[in-house]
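Below: one structure, written as structure tokens.
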Amino acid sequence: MSALRILVPIKRVIDYAVKPRVNKMQTGVETAGVKHSMNPFDELSVEEAVQIREKQRAPGGVEDICAISAGPPKAVDVLRTAMAMGADRGIHVELAEGEELEPLTVAKMLRVAVEQQKSNLVVLGKQSIDDDAGQTGQMLAGLLEWPQATQASKVEFGEGDSVTVTREVDGGVETIRARLPMVVTTDLRLNEPRYANLPNIMKAKRKKLDKTTLEKLGVENKRRLKVIKVTEPPPRQGGAKVEDVGGLVSRLKELGAL
Amino acid sequence: MFSAVAQSLKGSHRLLSRGSVGRRNHLSRLLSTLAILEQHNGQLNHTSLGTFNAAKKLGGTIHGLVAGSNASVAAREAAKVEGIDTILAIDNEAYEKGLPEVFAHLLVANIKKGNYTHVISAHTTFGKNVMPRVSALLDVQQISDVTAINDEKTFVRPIYAGNAITTVESSDTIKILTIRGTAFAPEDIGKGSAVVSPGVDPKPQSTSEWLSEHLTKSDRPDLATATKVVSGGRGLRSKEDFDAIMFPLADALGAAVGASRAAVDSGYADNSLQVGQTGKVVAPQLYLAVGISGAIQHLAGMKDSKVIAAINKDADAPIFQVADVGLHGDLFKVVPEMVEKIKQS
């Protein structure tokens, strides 16, 4: 089996515990001064790549784990986190503050990165918790004409470059098999991401971090979707509390829910 | 030359209704939507008929597409939906499991042949898996999980776990959408008579292989489409308690059972029952949250429910801020009492 060269795309997003606020101009969500961190599904991707190496799950071994992120200067923080978790190196595709890429552009950028890094396995999160699009992994697989396994909850490696993946689907799970090179997107049940400890955070500072730009990668940030407006969802008015079960049942009847 | 033009329009409603073109405005003449239907061994997945609902909001010609071992059987059923022109049926076992490597090529071939301006799939496991691959092959920026269609190029979708709603305008020549099922009700099977026609089958080679599936069996209503949902959270304490408390409640109400991520992660309930940003999105008439605190990721999956009720022992739980009716109490006492009350009434 080929040695794995794993590419792990990661995204810096508003922390999952923060309730986002729409800005006054209704052009987007307030990001200034808001806590950001690595997209939670991307943590699963990094963890999976590191576990494949640590647990020697792939017969051909793991030759390289490279994390890549496109974003403003602060995206370096999430790349350092990935390296502290065990990625060997990072690539920062520098964007201007506030510049955003659509999933198709990210997929095109990753295709170039895959070719340059000679990756044979790309592990991505199933969606980013900001845009909730859930597209990049599938788009990348399509552009590369590689097989894809989305929403993975288990990844196993066999002889002859075969990869068996259990996927979370509506109503249960399904298992598929494909061959490297391939694209996998991670679901919640795949693993439990580790916390980077202080020695590893210190070590990560010495790991290699390359910087590049979309231009150098030959990718144009062409936007197909124009944001007309962003609004808060209509607020829900919490109703009054009831005292007992009788009150609950009769109130639900009044509301026509029972 | 005329025959070449006719050939390129073959199968399209535009040619069939040439006489009426003058009457229609040029937009509806140009609009043509391909709605992707899901099936399992010839059995049409009725919730995927929500794609027809969305297509009707766009106007123009509507075609459906269904592929798999016995796709024609499902196609004949879908053909009864009123207002649909053609159902493309591709009978080929290769497409039965919806493997994206083959299904994407199938869709691309049919989209190119039919010159569709819009392609719509449900935002299901299948749609999420296949449509972005199709979009990339066609060099289109897909619009995921659409909850409203303003016009033929302007669409509304939730972002940030439903904490913001964005309206976007697409400049792509083909608009590829996945739609949120709870926002577009399935069209009824009526007395329509769409033409069932064999679609293009490019017979692509699969680079992946389907091995097995393990689906949770349940006699209760399907979570995604149920009119009532009872959902349990961390407050249930164990799988035994979850089953003992939630199942009788669900059965008394005729409701589907859901769960919070905490309940699923703790092993109280199956993964497929998870309601939230990363699980199912539901919008039933009644959503009863039992022992669920109401984290934003959970609210993302249920806050469009008509009536939300909550039972929680923590009076300050965020769920009470969105619940129409809240009962502060111990679920282990309250829920069995509620089951009794419902049975009596």
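The backbone N, Cα and C atoms fix where each Cβ goes, and this holds for glycine too.
Annotation source TrEMBL lists domain 'Electron transfer flavoprotein alpha/beta-subunit N-terminal' at B:33-214.
Per TrEMBL, the feature FAD binding site maps to B:Arg234, B:260-261, B:274-278, B:291-298, B:Asn312. According to DSSP, B:Ile292 (FAD binding site) is assigned to coil rather than to any helix or strand.
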Checklist outcome for this item: The average per-residue pLDDT within the domain 'Electron transfer flavoprotein alpha/beta-subunit N-terminal' (B:33-214) comes out at 97
Next on the checklist: Within its own chain, what residues at least 6 apart in sequence put their Cβ under 8 Å from the Cβ of B:Arg234 (FAD binding site), listed in sequence order?
Outcome noted: B:Ser260, B:Ala262, B:Ala263, B:Ser266, B:Gly291, B:Ile292, B:Ser293
Item to check | Fewest other Cβ within 10 angstroms of its own Cβ, chosen from the binding-site residues B:Gln274, B:Gln277 | outcome: B:Gln277
Next on the checklist: Short of 8 angstroms on C-beta distance to chain A, which of the listed binding-site residues (B:Arg234, B:Gln277, B:Ile292, B:His298) are there?
Outcome noted: B:Gln277
Checklist outcome for this item: The answer, for which of the binding-site residues B:Ile292, B:Ala295 has its Cβ ringed by the most other Cβ atoms inside 10 Å, is B:Ile292
Next on the checklist: If I restrict to non-local contacts, at least six residues apart, and a C-beta distance under 8 angstroms, what lies near B:His298 (FAD binding site) in its own chain?
Outcome noted: B:Gly233, B:Ser260, B:Arg261, B:Val275, B:Gly276, B:Gln277, B:Ile292
